[in-house]
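K.L.:
Got a structure here, written out as structure tokens. Questions coming.
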């Protein structure tokens, strides 16, 4: 009597294997495009603020959308550099854009954190 085929145990929920190549119809392998996201950085900030708190993949997707949206809005304020006949957006233009885009207290916190980050960066050079 033939032995029943051994089946592999089902992978644990949430575990994902990195697939770098996908099989094409004609047998050739092609590289799968990489999706860029801010999830690594969002996770690092979360652990700095609340070390014992986790985040779901759905919430991470929302945070990624939020960061992309804010980035696009700040980049959209490039007219601030254009007014001064400049082709480069400096930290000053970004600061002004943040003040225009974010409401009240949120803008104040964002500006202070941004200033702190720029100061840390320039002092490390």
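Any Cβ shown, glycine's included, is placed from N, Cα and C.
Heads up, here are the entries from Swiss-Prot:
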- 1-36: region 'Disordered' (REGION)
- 2: N-acetylproline (MOD_RES)
- 6: N6-butyryllysine (MOD_RES)
- 12: N6-crotonyllysine (MOD_RES)
- 16: N6-acetyllysine (MOD_RES)
- 24: N6-lactoyllysine (MOD_RES)
- 24: N6-acetyllysine (MOD_RES)
- 35: ubiquitin cross-link (CROSSLNK)
- 37: phosphoserine (MOD_RES)
- 44: N6-glutaryllysine (MOD_RES)
- 44: N6-(2-hydroxyisobutyryl)lysine (MOD_RES)
- 108: N6-lactoyllysine (MOD_RES)
- 112: O-linked glycosylation site (CARBOHYD)
- 116: N6-(beta-hydroxybutyryl)lysine (MOD_RES)
- 116: N6-methylated lysine (MOD_RES)
- 120: ubiquitin cross-link (CROSSLNK)
K.L.:
Express the distance between the Cα positions of residue 35 (ubiquitin cross-link) and residue 116 (N6-(beta-hydroxybutyryl)lysine) as a whole number of Å.
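P.N.:
The separation of the Cα atoms works out to 30 Å.
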K.L.:
By a simple count, how many Cβ atoms lie within 10 Å of the Cβ of residue 112 (O-linked glycosylation site), its own Cβ left out?
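P.N.:
Neighbour count, Cβ to Cβ under the 10 Å cut-off: 10.
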K.L.:
Taking the modified residues one at a time (37, 108), which has its Cβ surrounded by the most other Cβ atoms within 10 Å?
P.N.:
37
K.L.:
Between residue 44 (N6-glutaryllysine) and residue 37 (phosphoserine), what C-alpha distance do you get in Å?
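P.N.:
Cα-Cα, rounded: 13 Å.
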K.L.:
Around residue 120 (ubiquitin cross-link), how many other C-beta atoms are within 10 angstroms of its C-beta?
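P.N.:
Summing over all protein chains shown, residue 120 (ubiquitin cross-link) has 9 other Cβ atoms within 10 Å.
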K.L.:
Please report the distance from the Cα of residue 108 (N6-lactoyllysine) to the Cα of residue 116 (N6-(beta-hydroxybutyryl)lysine), rounded to the nearest angstrom.
P.N.:
12
K.L.:
I need the CA-to-CA distance for residue 37 (phosphoserine) versus residue 116 (N6-(beta-hydroxybutyryl)lysine), whole Å please.
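P.N.:
A Cα-Cα distance of 24 Å.
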K.L.:
When neighbour density is defined as the number of other C-beta atoms within 10 angstroms of a residue's C-beta, which of the recorded positions 35, 116 has the lowest density?
P.N.:
35
K.L.:
Looking only at Cβ atoms, how many others are within 10 Å of the one on residue 44 (N6-glutaryllysine)?
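P.N.:
Its Cβ shell of radius 10 Å holds 10 other Cβ atoms.
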K.L.:
Can you grab the distance from residue 112 (O-linked glycosylation site) over to residue 120 (ubiquitin cross-link)? Cα atoms, rounded to a whole Å.
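P.N.:
About 12 Å separate the Cα atoms of these two residues.
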